[in-house]
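Student: Below: one structure in structure tokens.
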Amino acid sequence: MSETTISKEEVAHVASLAKLAFNDAELEQFTTQLSDILNIFNTLSEVDTDNVEPTYSVTENINHLRDDIADNWHQKEALLSNASSSAADLIKVPAILDGEGK
Amino acid sequence: MTINFFDNDLNSLHDKLVNKEITVTELTQATLDNIEKTDDQLNAFITTNAQEAMKKASEIDEKGEFTHVLSGLPVALKDNLSTKGIPTTGASHILEGFKPVYDATVVDKLQNAGAISVGKANMDEFAMGGSTETSYYKQTTNAWDHTKVPGGSSGGSAAAVAGGLVPFALGSDTGGSIRQPAAFNGIVGLKPTYGRVSRWGLFAMASSLDQIGPFTRTVKDNALVLNTIAGFDAKDSTSSNRDVPDFTSKLSGDVKGLKIAVPKEYFGEGIDPKVAATVKAAIAQLEALGAIVDEVTLPHTKYGVAAYYIIMSSEASSNLQRYDGVRYGFRADNVKTLEDLYVKTRSEGFGDEVKRRIMLGTFSLSAGAYDAFFKKAAKIRTLLIEDFNKVFEDYDVIVGPTAPTVAYGLGEEIDDPTAMYLADVLTIPVNLAGLPGLSVNAGFVDGLPVGLQIIGKPFDEQTVYQTGFAYEQASRLFEKKPDIAKAY
């Protein structure tokens, strides 16, 4: 089975997916560290799992259902005060598209 | 009035309150004094709530009702447990100043019992780490040697109990974050069965692995705290609606005929020989008490670390998407667009270990790696569970070391992520299988505590506690005190 590796360019791509930015030195460091860790991950390929079902959770529960009744926690002010910028009972953020709202 | 928690278990503190030898106000003040005396050495707390705690103390004094064993007793909470109106940071810069708008279910349950939270304990950032060194705020030290790490990620909770600042604390355990710091600090820590305790209000790291559990000085105390926090919660769809037994009911000291399995893989490569010898001596003591001990095999143990770090980081990368600077916590300055705000806030707000795991998880879930990593890890998880099931057909508990070494020096391991990850080999399989796991002190190597790990069948915390209690009562190791105990 082929080994999975990661290049500096792939690290940069994954960072963009994860909404993280790294400078060049950080990219180098993360590439080295992630490669070392992927070497550990690659050991899993030694194990034959052809007829094994994956386990994604060990909960015994299927679903807990509740009645669909709206509940008002009356916490608008506390919630808004946690945001670093708000106005008119709304959370403020910069323009969503580059160049707008300037 | 002073209080020394080394000489008082939860029942004796409760008796003192009931018999009016001490008031809740005096006990709370004495606890805050303990923190004042020694927390400059331990740095166990990120936040203390003196005012709030004293207010609650006087309310309980006024009522004068001590119907619950925890009524009026002080507790420390790991800083990833939501406390309404009290800063809760997960030890991350990105949540600096965040005040939750609700209490975690475990916090609610402790409050209903009358327990008083005196503060929020330090931890690795978002519970990612094994030494509490990835905290953005401070470096907690080991209660037995302040040049050593307290373990992690619940290092603050463990040090606060082991250092005698509080009689009990709560932590969370995703891959060993309760058991390993309990081992490093010579106290008792339990990761309950997955689903035993509600996760509502716990900052999600890896939702299929996370569990909240107690830190205490004795096994009986631990069972008393689990009695209080366990049970079904409609707000956590993975919490179990099984009946909650009295977890103290099998604490007789008797283990005659108890069938104990010792996996040979838990004493393999990478385990410090002195740690192995200490744990083997503890197992021999259980055998001398009448338990039946056999060596068994858990053949997939060595693949646990890889499977765990793939699954944990994948779940964490998804769970941590919520930290984007919009609704709460830190927001980066000088951003022009929303995309900028996300990227700059996350890049400045998260530490390196958190970024590493987000990167690993994002990669493991990406189209090219999903089958080879995420799905493969989930299949290995099945094999690890089957290993345990097979052993539990014939045995009541599985025992071995909690960690491969004793506590190491501050700064010694933090720059080597792969070494840190591999050190979780003995605790990780328990989380992947959702089993209960306890760590109790098994003795000392070079003056530092060694943990004996006791693993049970799903929802059989009672037998786990029974085993730990019998060993603890025979060894009397809980009577040993670190030097810091002289401060009170």
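Indices start at 1 and increase along the chain as displayed.
Cβ from N, Cα, C; glycine included.
Residues annotated as active site, charge relay system in TrEMBL: B:K78, B:S153. Residues or ranges marked as active site, acyl-ester intermediate by TrEMBL: B:S177. Look at TrEMBL and you will find B:26-464 tagged as domain 'Amidase'.
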Student: Given B:S177 (active site, acyl-ester intermediate) and B:S153 (active site, charge relay system), what distance in Å do their CA atoms have, once rounded to a whole number?
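Tutor: Taking the Cα atoms only, B:S177 (active site, acyl-ester intermediate) lies 5 Å from B:S153 (active site, charge relay system).
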Student: Look up B:K78 (active site, charge relay system) in the DSSP assignment and report helix, strand or coil.
Tutor: strand
Student: Which whole number is the mean pLDDT over the domain 'Amidase' (B:26-464)?
Tutor: 97
Student: List the Cα distance (Å, whole number) between B:K78 (active site, charge relay system) and B:S153 (active site, charge relay system).
Tutor: 9
Student: What residues, ordered by sequence, lie under 8 A Cβ-to-Cβ from B:S153 (active site, charge relay system) and sit at least six positions away in the same chain?
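Tutor: B:M123, B:D124, B:A127, B:M128, B:G129, B:G130, B:T132, B:T134, B:G171, B:S172, B:T174, B:S177, B:P181 - these are the non-local Cβ neighbours of B:S153 (active site, charge relay system), listed in sequence order.
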Student: Taking the Cβ of B:K78 (active site, charge relay system) as the centre, how many other Cβ atoms fall within a 10 Å radius?
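Tutor: Excluding its own Cβ, B:K78 (active site, charge relay system) sees 32 Cβ atoms within 10 Å.
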Student: Measure from the Cβ of B:S177 (active site, acyl-ester intermediate) and count the other Cβ atoms within 10 Å, all protein chains considered.
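Tutor: Neighbour count, Cβ to Cβ under the 10 Å cut-off: 36.
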